[in-house]
Amino acid sequence: MISKIKELFASFMLLELVKGMALTGRYFFARKVTVQFPEERTPISPRFRGLHALRRYPNGEERCIACKLCEAVCPAMAITIESEQREDNTRRTTRYDIDLTKCIFCGFCEESCPVDSIVETRIFDYHGEKRGDLIYTKPMLLAVGDKYEEQIAADRAADARYR
């Protein structure tokens, strides 16, 4: 008799259905873990790789020495740099563009920079309404760096022992 009932349950997959419903019921009454994004924010790691920024030295001079290592190491070829020689025989960038539609946010540009000029910030909620809005130029990158310099410096200090 019991084997017939088991066979009936197995043939109609009722046992699996009951197991599935029990699992669903258990999670239905459990505590919710969903974060309602625009209203609630989760903590972001100091190592988060978000929007790029160009940094300056404390005296106001931009750090980039136009070595073009970041452009060479970028696997997506998202960085474009043009430079010129100055009178004191140092190079400075005249053009520094990052195409965020191509960028894969791998962080190679940040790792390869010898003067810590290009960094990736914690900013992840930016948008563009047109494709051209996501091409960040040198003044835009410097503005991001100037605005978030304190946070960038704190993140770099927190991560210093791992570099």
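Along the chain as shown, residues are numbered 1 onward.
Glycine residues also receive a Cβ, built from the backbone N, Cα and C atoms like all the rest.
Per Swiss-Prot, the features are:
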type	residues	note
DOMAIN	54-84	domain '4Fe-4S ferredoxin-type 1'
BINDING	Cys64, Cys67, Cys70, Cys113	[4Fe-4S] cluster 1 binding site
BINDING	Cys74, Cys103, Cys106, Cys109	[4Fe-4S] cluster 2 binding site
DOMAIN	94-123	domain '4Fe-4S ferredoxin-type 2'
Cys70 ([4Fe-4S] cluster 1 binding site) and Cys106 ([4Fe-4S] cluster 2 binding site), Cα-Cα, nearest whole angstrom:
12
Find, for the listed binding-site residues Cys64, Cys103, Cys106, the residue with the lowest Cβ contact count at a 10 Å cut-off, counting only other Cβ atoms.
Cys106
Between Cys109 ([4Fe-4S] cluster 2 binding site) and Cys64 ([4Fe-4S] cluster 1 binding site), how many Å separate their Cα atoms?
12
Pull the DSSP breakdown for the domain '4Fe-4S ferredoxin-type 2' (94-123) and write it out as helix, strand, coil residue counts.
5 helix, 9 strand, 16 coil
If you average pLDDT over the domain '4Fe-4S ferredoxin-type 1' (54-84), what do you get?
95
For the [4Fe-4S] cluster 2 site (Cys74, Cys103, Cys106, Cys109), what does the 8 A shell look like? I mean other same-chain residues with CB within 8 A of the CB centroid.
Cys70, Val73, Pro75, Ala76, Ala78, Ile79, Ile98, Ile104, Phe105, Gly107, Phe108
What is the set of residues, excluding Cys64, Cys67, Cys70, Cys113, whose C-beta falls within 8 angstroms of the centroid of the C-beta atoms at the [4Fe-4S] cluster 1 site?
Ile65, Ala66, Lys68, Leu69, Ile81, Cys109, Ser112, Pro114, Val115, Ser117, Ile118
Could you give the number of helix, strand and coil residues in the domain '4Fe-4S ferredoxin-type 1' (54-84) as assigned by DSSP?
5 helix, 9 strand, 17 coil
